Each structure stands twice: as C-alpha cells, then as structure tokens.
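Only one structure is covered here, and it is reproduced in the block below.
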C-alpha cells in the first residue's frame, strides 16, 4: 500500500534521478543530438552513480528510521551500533595493506568493509543477546569506539604519505568515480536490509509503548534485535563499502519526514528510504556542479556542511517551542 | 480461561507462591511499596519469566503458548507507561490489535472490520471518541491513562492485567474506568489490578491478594483479605473501616 507521502517522494525521486543524469561538469541536453562520448558519460559514469546515491541513501535513511524506532529516541543514528565505524575500519585496513604492495584487486575494499560490518554484527549479537536496548546501545558504542581507535592507529601508522591521504580522503565519503560493480554490491545488501526492516516493522510499532508492553503484544525481543542487526548491518555496511562514511542522512531524514506521517514507526521506514535516496541524489548532483579547485566537493563533507547547521536550526526551533519529553 | 501460578518466584522480589485465578472477577493486588505487586503482575502477564515455577493458562504453561496467541489472551497495561512517539489516540488504541492483524509471515486472525469495531468499542468504553484524532502530547494525564487502557481493551483479551490504571485519574474517571473493567469481568474476562487505594479495592474487587515483602500474606474476599488486622500488620498503620459494605472508607490513625 502506497501512502500519498510515498507517492510524492517517489515522484520527486524520479525527477531528481532524471535531472542528475543530465547535470554535471558536462551538461547533456536531451533535446539536441548527442555529442561524442555522451553515451559513455551517461551509461558508465552518471547512471551507476545515480543508482548508488539512491541505494546508499535509501539504506541509510531506512536504517535511521528503524534505529530511532528501536531505541525509542528521535536522535538515534545508524552509527550508534558501531557498524559504520567497523566497516570503515575494514576498508582502511584494505587500503593499508594495498599501500604495502599487496595486490588485492578492486573487490578488496568493499569485501573488507563488509567483513568489518559482519564482525561488528556478530559481536553485537553475541554480547547483547540477552539484554535490552540499553545494553545493545552500549555494546554498539564500545564497538564504535574500538573501531575508531584502531582506525586512528592504522592512519598514524600509514606506510606512506600517499597512503595516508588516500585513507583520509576515502573516509570522507563520496560517490565519485564509481562504477556498476559497486552498484551490484549495494543493490542486494540494501534490498536485504529493507526486507529485514519490513519484517521488523510491526514489532517496532509495538515498541512505541515500551519493551514490557511490546512483549505483552507478542513481540519476540530477540528476533527483533536480530532483524535490526541484520538490517542495519546490510544497509550501513553496504553503504560504507561502496561510498565511505556518510553521516546525517540516517539522522535527519527520518526526523524531517516523521511529522508528515501518522508517527507510527512502520509508516516511516519506506518514506525514509525514499527520502534518503532523494537527499543523497540531490547532494551528490550538487557536489558535481559546485566548482572546486582540485576536484569536486566530497559528498560526506557536503552533507555535514549542510546537515549540521540545518539540524542546529531545527533544535533551535524545538528549544523555543519547548522540547516535550522526547517527542519530536 | 483459568490463570494459574504454580510456585512462581523471582529472585529477591517474590517468594514462591501459588494462585488459581478465575475469570469473571475483579481481582486486586495490594501491598506496600516494594511488596512485589508489579513483579507478580508481569509474571502473570507473561511479560517476565519466573525464576522458578510456571504461570499457566487453562493448564498450558505460558512459555509453551506462541507469543501472538498469548498476547490475544493476556492484555497487559504497564505502570505509567508512555509512548515514544506522539501518536494520535486512535492510532495508539489500534496498537492493541497488533496480535490479531496480519504481519509479515503472519496471517491475520481477525478481519479489518473486526479490528475497526474493536477499536471503536474501546474508544467508546473509555470516553475517548471525541479525542480520537488528538495527539497524545495534547492530552491531560487522565486522558492519556484512559487511552492506554483503551489500547488494552481493543485487544479484547480474556484477561486484563493492569498496573495501577487509576494512578492519574480523577474520581469520576477512575470510577468510570472501574465500571468498564467490571463490565469486562461480567462479560467473562478476568481482571487483575494493582491498586494502591485500599478503599477502592475494598469496594470494587471480588478478591484481594495482599503482598508484603514478596510474600502472599492474605488472599480472599476484600472483607477478609483487607481486614483491620491485616492492614495494621502489613502497612503498619492504625486503620479502621467505616461506613456500609460497598461504600467503605478507611479511617486512619483512629
């Protein structure tokens, strides 16, 4: 069943998708005969990049909505589970090994990132197996902190200045110079993650009333936890594997769309996926258009530059209206 | 459906106790703070597992009943429970239908029409029809408490287990809520309430369980379980029942 909100978002997404294919340093006018190389730019550069933006944004947006529902907190972010930093650690490790001359091939980075995400997921599942959301969050934060420390260690021990800059630039997150092979990594993972969130949706609704009440409504907390780990692991792990660390989407998108829904967590997941895809597509197109000496603006930086002041303004408004007991 | 507890215990909170609870009655659990009232209720509701012993519904242990089926039989209202999101009253009450509705990989047990009807009845029983589209953040404490109980009623459970449902209600709405629970009992449901107000328990319950420091110290009709001697022993106050049966008031310190 599609709500009106979902239809509007889908329409906007379709328009933005078409526009993002035409926009860039070289503009493609659909109404004049194509120039030499236009097909190459369209099919091999812009189409996979646009697909990736939608997939990564959809994954991060839906993961944010699911996390906020699971932790019953509008300020929760997919990064809280420690899966994004662990995936980033895996990716950094592959860059590091690459700098030592190991011939790892193009698949190594996404593979290492997914292994990092998988490791964090397994650790989370083992540690938090019998605890509630609080233990789970603490475990996630510790995993994030450990991964962050190891990542800093890897950076400080980088074998060469070149490797150092490669790692740092990669960590900023971007969709530039991506190809279809990244799309084939992100597509199944994003779909699997969305599937997990779909399975978890009724339980997340019940969780609105607290853990005890959710249990009394027939929710199996262990199953819900596993679905969340699986969903966040697939979406966030997949997005880090193909695009690096991209913040704010998972936090801001569900936050912005919640007032337009009936506030049930289950009615926010699909809009957040569509909205996340839309936001990332627009931000990435903007990154391509803004002229910058020495390349283009990194997507991760752009989102934080836009997102943080925007969110601060939102908090400012909330402060003036009075923050009502965690209700956003 | 008979709800039984066989030697159930919770480490540090409840000593082993056994109970047979019959439907069609309003049963009150009373006791001082920390007596184990909420613990007993959450064990009976299947929200928490006992460290020892078992709770059973018509002879089947709760742990052996599929979670959704158990949820359709046992409705549970947590103490002072809030909602994480600012739902409208009707959407909140409809959450009570979750164990009946279709879910991914789960078939619906009721039709959409039956779900809507149950929500409608629950809203009407709790006097919430006029507030159905109001978000929770714009309700008074009492209205919110009624909405929370309406959520339980919408699930049409065989047992209603509520932890201090009257805590933030004014006199009129408190009595209205008790009347709604009495009606549910008359229609065959079992009602178990944690009550702080002994006069309400005295006048409105069919049976009272008195807990003290995790032990069941009295169990019976209110005249017996809440006799002057029990109150003095458990609450350590001087107390005396005044007035007629059915309209008793507790005189304290006389």
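Using the three backbone atoms N, Cα and C, a Cβ is placed for every residue, glycine included.
Bear in mind that TrEMBL entries carry predicted annotations, made automatically and left uncurated.
Keep in mind it's a predicted model, so treat the numbers as computed, not measured.
Look at TrEMBL and you will find A:47-67 (among others) tagged as transmembrane segment. Here the transmembrane segment (A:47-67) has Cβ contacts under 8 Å with residues 13, 17, 20-21, 76-78, 80-81, 175-176, 178-180, 182-183, 186-187, 189-190, 193-194, 197, 200, 204, 228, 231-232, 234-236, 238-239, 242-243, 246, 249-251, 253-254, 265, 268-281, 283-284 of the same chain, all six or more residues outside its ends.
If you look at the transmembrane segment (A:79-98), the same-chain residues 6 or more away from its ends with a CB under 8 A from one of its CBs are 67, 71, 104, 108-117, 119-121, 124, 136-137, 139-148, 150-151, 154-155, 158-159, 163, 166-167, 170-171, 229, 232-233, 236-237, 240-241, 244-245, 247, 250. The annotation transmembrane segment is assigned in TrEMBL to A:79-98 (among others).
Positions annotated as transmembrane segment by TrEMBL: A:104-126 (among others). If one looks beyond the transmembrane segment (A:104-126) by at least 6 residues along the same chain, the residues whose Cβ comes under 8 Å of a Cβ in the stretch are 81-83, 85-91, 93-95, 97-98, 136, 139-140, 143, 147, 181-182, 185, 189, 225-226, 229-230, 233, 236-238, 240-242.
Taken from TrEMBL, the feature transmembrane segment covers A:133-151 (among others).
Annotated transmembrane segment per TrEMBL: A:183-204 (among others), in sequence order.
Through the fold, the transmembrane segment (A:224-257) approaches residues 5, 52, 55-68, 70, 74-79, 81, 83-85, 87-88, 91, 109-111, 113-114, 116-118, 120-121, 124-125, 128-129, 136, 170-175, 178, 182-183, 185-186, 189-190, 192-197, 199-200, 203-204, 207, 268, 271-272, 275-276, 279-280, 299-300, 303-304, 306-308, 310-311, 314, 328 of its own chain, all at least 6 residues removed from its boundaries and within a Cβ separation under 8 Å. Residues or ranges marked as transmembrane segment by TrEMBL: A:224-257 (among others).
The annotation transmembrane segment is assigned in TrEMBL to A:269-291 (among others). Within the same chain, residues 3, 5-6, 9-10, 12-13, 16-17, 19-20, 23-25, 49-50, 53-62, 64-66, 174-176, 194, 197-198, 201, 246, 249-250, 252-254, 256-257, 260-261, 297-299, 302-303, 306 sit at least 6 positions outside the transmembrane segment (A:269-291) and bring their C-beta atoms closer than 8 Å to a C-beta of that stretch.
If you look at the transmembrane segment (A:297-316), the same-chain residues 6 or more away from its ends with a CB under 8 A from one of its CBs are 169, 171-176, 243-249, 251-252, 255, 280, 283-284, 286-287, 290. For A:297-316 (among others), the entry in TrEMBL reads transmembrane segment.
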